């Protein structure tokens with residue numbers, strides 16, 4: 001009896017694999033005794049498209065353009081782009097997701113040219129272009145980066161000879177703005193030259209690409225070494241490499257620097273590509289990279305100078321990555337503002353110190369340091385989520401102005417110009 005049933009099952013499977021059966025429902029009583037759950041298989045192939053799909057009990061599997069993708073049925077119903085489910089004018093969902101049966105399955109599926117049609121139990125039809133599914137599948141997104149970047153050390157950046165953009169070209173032409181943003185997105189830093197050395201013109205420059213992010217330091221900040229704020233930046237001391245506002249829950253995205261005047265020596269700006277250093281850690285000690293991406297740390301800013309009373313706390317790991325493609329998108333590194341480590345047990349702490357030391361060594365390698373002397377008329381934009389900055393000590397009177405920009409608005413401007421961001 002068992003031999004007969006298994007032989008029959010094997011025969012039916014061979015028929016399916018030869019393409020003789022396009023729909024096979026294992027619902028007969030003799031099969032139910034072999035399998036506790038009914039299994040539905042749908043198999044359609046298009047040689048011209050190299051497309052194969054199968055309908056499983058709990059998901060839809062698609063093989064297309066050398067990719068194997070799997071889609072949950074609720075997901076397929078939820079992302080329907082029909083007129084009743086999606087407003088194409090506002091690009092917003094109209095369907096009430098909570099109304100979708102969590103056990104929903106399509107009644108029929110068929111392929112017409114490059115479009116898949118799903119007919120649901122209530123008769124509603126959802127259609128998907130194969131390329132749209134590939135682009136928006138988890139498997140497709142896992143292979144893509146959100147923002148292409150060129151990682152650099154001092155030699156790589158200098159050999160690239162990335163040009164600065166002229167002030168007037170930046171303000172008056174889309175091409176100048178696009179070239180600037182392309183350089184900024186790729187390298188995490190970019191320069192604008194021939195800027196009148198005033199706070200007003202620096203502000204005008206910043207507003208060309210983004211809203212200015214007002215913080216506890218104001219909208220546009222102007223500082224010298226008078227220690228008017230409770231921060232080491234307001235001194236003549238050297239500053240080690242760091243990212244700013246790690247004590248914000250969302251650190252400021254972009255920083256703008258313009259040296260309006262310097263009557264003295266020293267004061268060069270240090271720039272280090274934090275993503276380049278992190279990549280070295282990933283290659284040499286992947287387990288330490290992973291630890292730095294998982295251990296949450298507190299950063300703190302306490303100020304009690306004159307009328308400036310602030311107590312800011314931000315929490316997050318040193319390295320922040322997207323979970324689906326492991327792409328690094330933010331480094332939160334500031335040894336000045338790191339608070340007490342009390343967010344992990346003792347047996348993790350020492351491993352974290354070891355990993356942090358590995359990253360610090362990479363960040364401090366002389367070959368990774370790019371030094372630049374900021375002068376009146378030359379404005380520097382820094383991706384504060386990627387590039388660390390510091391400075392050497394200086395003498396004499398030095399005036400700087402600048403601001404922070406909202407990251408979302410900078411990326412918005414870039415996308416509207418056709419850049420990937």
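Positions of Cβ are set from backbone N, Cα and C atoms, glycine also.
Of the residues 110, 124, 389, Swiss-Prot places 389 in the same Fe cation site as 242, 244. Sequence-distant neighbours of residue 242 (Fe cation binding site) (same chain, 6+ apart, CB under 8 A from its CB) are 333, 334, 335, 336, 337, 388, 389, 390. Residues 239, 241, 243, 255, 334, 382, 384, 388, 390 surround the recorded Fe cation site, their Cβ atoms falling within 8 Å of the Cβ centroid of 242, 244, 389, which are themselves excluded.
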